[in-house]
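K.L.:
Sharing a structure, written as structure tokens. Questions coming.
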Amino acid sequence: MKREHHQLCPNPGDSFMTASSSGKSKLWEDEAQDGGMDELLAVLGYKVRSSDMADVAQKLEQLEEAMGNVQGSISQLSSETVHYNPSDLSTWLESVLSELNPSPNLDSLTAVAGAVSAPPPLPPPPPPPADDSSFLAPAESSTITSIDFTDHSQQQHLNRLHKQRDCLIFEDASSSDYDLKAIPGKAIYSSQTQTQTQQQQLESPSSRESKRLKPSSVFNPALFSSPPLGSYTLPNESTRPVVLVDSQENGIRLVHALMACADAVHQNNFALAEALVKQIGFFAVSQAGAMRKVATYFAEALARRIYRLYPENPLDHSFSDMLQIHFYETCPYLKFAHFTANQAILEAFEGKRRVHVIDFSMNQGMQWPALMQALALRPGGPPAFRLTGIGPPAPDNSDHLQGVGWKLAQLAETIHVEFEYRGFVANSLADLDASMLDLRPSEVESVAVNSVFELHKLLARPGAIEKVLSVVKQMKPEIVTVVEQEANHNGPGFLDRFTESLHYYSTLFDSLEGSLDTQDKIMSEVYLGKQICNVVACEGVDRIERHETLSQWRNRLGSAGFAPAHLGSNAFKQASMLLALFAGGDGYRVEENNGCLMLGWHTRPLIATSAWRLA
């Protein structure tokens, strides 16, 4: 297959709409001429010819209807089909149908969407208009109308079918320059009612809106199971052929396409991966909310890996800081990280007259005003507070760390805290040496080392994390606070890493959906999207988002000569109160794990705070 290099769009909603419709139409024409197997179903183990898709879809409907009418041993049949994965899907469906209900004549089913089976034979539907040469029509004119049947019993049967299930219709009135594969369903259209229905649409926009798809917005891990039988029913009205979409079923196809594409990449089968990554864009547009966004970011990352369009070097510091500020405002993860780390530092500094914090993740210094205010309120007066901030260089060589220091100095003067600040610019924490930090004897000054979402970046370079932990030991700190993502994105196998990151970021995106500030939420999604791109598309030293779990960090820090320092019950209670103040805390959960605190969304932990002392 000839590989086309399409431009990747930064907008999640548009990432895969850039491929030309002519190229896709050519692909499907070739597929129809070859009579080959459907690519996506073939990857999942089902042998279905593209030309038989309509027939198979209608057999699925017949099977579902027959299963609904069987009162006997249906439970046994259902339990057996859960684990049975027939290769020849069409033949298997026909055999199951014959067992359940030998009377229906499957040959009477039409191969193109538009025929409805009923006990008495139906008159053939009127032919489509002369200009309808394709099953697909422009989205702007896609509607559904019913046929006026003369047989009253037939009409009753169709009404009964209509009440059993809802038919979801996908339309995109804003775009008609891309194609979708027709998903066959019982769409019956009549040329006689076309003009009348189009006039009704113009008069009542709400009726058109009511037909739009209402997809699920939450990523569901259960989608990794085998897809259920699809259900498409006869709608009330239609004039033009349309694409009928079952939202949940399309969501299953979307996840299967993502996993199949990742597996193809894992096996270096880039021809298949290229075909599948295009399918992902088609399935994603039928979803909404978190699932659509996260699928689009993962599809973009897969496409970059397939076409070797790797992301450039990390974003300039100012833009990265801006994205992190939006993330800070949108959700409580960074607030939780700063609060729990500050609580551990505050308790370690109790009774100390001079304290020194060395921050490996200075950024905009958002963590430290709260600690400075807590020190100012300490009984007996505040200690002298020294802060050393470490951060990456700015592209324009500006001294942004010094600007952060000036702002903190102004706050310290306002709350009457003796303050000293020094900023260090370093390309990597591994470049630091303890002699550079002007350390003072421990009896004079107590040291705390703080790292928020920084240590995992050292895992890209062999020996870097060991060197940094050795330098930290030379600082002789009272406490070391570490906040990291609770995920394993550093495994050697690409497919396992992809699966884990898909679960992790789907949960994160889902938690952002409750944000009221649209701008903050969008920028937060960009912030997370950059991480997804790095995890999936990059390798070697360029892949810096190498998150590891709390148990893995326990092993690393324990081997380096550190012992865990339990975070107190006060930190747990106060963190819970913090979440209660943040959007009511709905969905967010704090849990204690062997002296460490974790923040998660529903049942999934997402970040973990731990504290350490010299062993």
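Cβ atoms here come from the backbone N, Cα and C positions, even for glycine.
Pulled from TrEMBL, these are the listed features:
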COILED    53-80  coiled coil
COMPBIAS  118-130  compositional bias 'Pro residues'
DOMAIN    38-104  domain 'Transcriptional factor DELLA N-terminal'
REGION    403-435  region 'Leucine repeat II (LRII)'
REGION    537-613  region 'SAW'
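Could you place the listed features in the three-dimensional structure?
P.N.:
Summed and averaged per residue, pLDDT over the domain 'Transcriptional factor DELLA N-terminal' (38-104) gives 59.
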K.L.:
How do the residues of the region 'Leucine repeat II (LRII)' (403-435) split into helix, strand and coil according to DSSP?
P.N.:
18 helix, 7 strand, 8 coil
K.L.:
Taking residues 6+ outside the region 'Leucine repeat II (LRII)' (403-435), which of them lie with a CB under 8 Å of any CB in it?
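P.N.:
For the region 'Leucine repeat II (LRII)' (403-435), the sequence-distant neighbours (Cβ-Cβ under 8 Å, at least 6 residues beyond its ends) are 360, 362, 364-365, 368-369, 372-373, 375-376, 382-393, 454-455, 457-458, 461, 464, 467-468, 471, 474-475.
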K.L.:
Under the DSSP assignment, what numbers of helix, strand and coil residues are found in the region 'SAW' (537-613)?
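P.N.:
The region 'SAW' (537-613) comes out at 30 helix, 25 strand, 22 coil.
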